[in-house]
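J.: Okay, handing you the structure first.
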Amino acid sequence: MLLTIDIGNTNIKIGVYQDERLTAHWRVTTERHRLADEYLVLLHNLFDLGGIDPREIDGCAISCVVPPLTGEFRTLCRTYFRVEPLMVNATTPTGLRYNVDTPAELGADRIANSLAAFRRYGGPVIVLAFGTATTFDVITADGEYIGGAIAPGIGISADALFRLAAKLYQVELVRPPSVIGKNTIHHMQSGVILGYAGLVEGLVNRMQAELGTSCPVVATGGLAELIAAETEAITTVEPYLTLEGLRLIYEMNRS
């Protein structure tokens, strides 16, 4: 069985694959000061809940954008599962080519997302990942990663309003009853949720104009479903796109 781990700034996504089938998956809060032993306890409990025998794990693929946790999870895999994890980065063979100024700056999660989307939908394809930041990645028909965009995440945008505007407060990230809000809560929900849908539409339209063609737009991440419901710019939502990308990369490099 293959263990896939996507370590983000806000959440850690964990998946266990039996061949090509995702048999169990979890999402936990990222705690960048936790040690390998602490994550081991957490993972052990999750495996118990999911009925996963840790002795059956014979491979591990990790994407990490939180440098302090890279070593901790490498240690966890070596000591607990007795496997050497594949730590994905821009030098990891994926079959994609990178036509950007500094490939090393690409997050491992974006690489995994790009490969998974390209393998499933072909190219050109645009990938959106709604996380702490929202990333846009563009892959051409011949598997060339040509760039993208980064925008502040939905949560960051809402938190900034709450922290920096004295009379505003935290609100639930849900669709308001109407675009024209009747109270402060609905005003903020309209601006954040529907405004973000407009941001997505604007960037996707501009990217497709530069490509010279329309193409599939694949979204992933915790708030992907919420935004996809508000715009036709998103073609489909793939909740486990990053984990699937890690699986594909591992299979390409397992030898």
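Positions of Cβ are set from backbone N, Cα and C atoms, glycine also.
Since we're looking at a predicted model, the values are computed, not measured.
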J.: Among Thr94, Thr102, Thr132, Thr134, which residue does Swiss-Prot annotate as binding ATP at the site that also has Asp6, Ile7, Gly8, Asn9, Thr10, Asn11, Ile12, Lys13?
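T.: Same ATP site in Swiss-Prot: Thr132.
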J.: Test of understanding: give the count of other CB atoms lying within 10 angstroms of the CB of Thr184 (substrate binding site).
T.: 12
J.: Here are the binding-site residues: Thr10, Thr132. Which has the lowest count of other Cβ atoms within 10 Å?
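T.: Candidates: the binding-site residues Thr10, Thr132. Fewest Cβ atoms within 10 Å: Thr10.
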J.: Taking just the CA atoms, what is the gap between Thr184 (substrate binding site) and Thr132 (ATP binding site) in Å?
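T.: That separation, Cα to Cα, works out to 24 Å.
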